[in-house]
């Protein structure tokens, strides 16, 4: 049975999915790393695929930009298609002096300026946190690599172009490592639907220091994150 935004058939999705904001990146990941790949959904250009990685069924799918868009796909995958394990791979802007370009942030929790979780949670603040089993599995994988990584909190913003950059000073004071747009929604929906979720963010920009990766560097270093996500996926 399809949903308004996903036209896959029952059973088309694996229990574990890796999600990216960019549907073309999802397509690239699927075609590069999976065997026996099948496209399972393509509504509104949001592409989803299922295949095998080291003999384990894995799905890859896009979700668009921002919490409202991403929440549609997270919800439908959880509520209708029975997907249980979510690993989001994406980029972020660093705000901490201890974080550098190309570092990988493993998002332990997500603060936000969005009201999306308050709407779900009786206008209370929800602690939007990663699943511990996924987090632990990811750290085990990272310890076998040369990837520079930090584990900590991110800030999920509704604004890509923030009008007051002084906000970042306060966030950094509270230990926030980087800013992105979807993690708080993913972790809240995973809690609501008793699923497991983890987000990985490669630092492609340093907001405070005004540093940016080139297009070629983004392509290469995001692949390192994807490999970590895939190896994490087969450990759970």
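From the backbone N, Cα and C atoms, a Cβ is placed for every residue, glycine too.
According to Swiss-Prot, the protein carries these features:
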type     : residues                   : note
BINDING  : 5, 180, 181, 182, 204, 205 : purine D-ribonucleoside binding site
BINDING  : 21, 25, 44, 88, 89, 90, 91 : phosphate binding site
ACT_SITE : 205                        : active site, proton donor
SITE     : 218                        : site 'Important for catalytic activity'
Query raised in the report: Do you know offhand how many angstrom separate residue 88 (phosphate binding site) and residue 182 (purine D-ribonucleoside binding site) by C-alpha?
Result: 9
Query - recorded positions near residue 180 (purine D-ribonucleoside binding site), in sequence order, restricted to 21, 25, 44, 89, 218 and a 10 Å Cα cut-off - result: none
**Report entry** Protein Cβ atoms within 10 Å of residue 90 (phosphate binding site), excluding its own
**Finding:** 25
Query raised in the report: Roughly how many angstrom lie between the C-alpha atoms of residue 5 (purine D-ribonucleoside binding site) and residue 90 (phosphate binding site)?
Result: 21
Report summary line: Close in space but at least six residues away in sequence, with Cβ under 8 Å from that of residue 181 (purine D-ribonucleoside binding site), the same-chain residues are 21, 65, 66, 67, 70, 156, 157, 158, 160
Query raised in the report: If you measure from the Cα of residue 91 (phosphate binding site), which of the recorded positions 182, 204, 205, 218 is the nearest?
Result: 204
Query - Top Cα neighbour of residue 25 (phosphate binding site) in the set of recorded positions 182, 204, 205, 218 - result: 218
Query raised in the report: How long is the line from the C-alpha of residue 205 (purine D-ribonucleoside binding site) to the C-alpha of residue 90 (phosphate binding site), rounded to the nearest angstrom?
Result: 12
**Report entry** Cα-Cα distance linking residue 218 (site 'Important for catalytic activity') and residue 204 (purine D-ribonucleoside binding site), given in Å to the nearest integer
**Finding:** 7
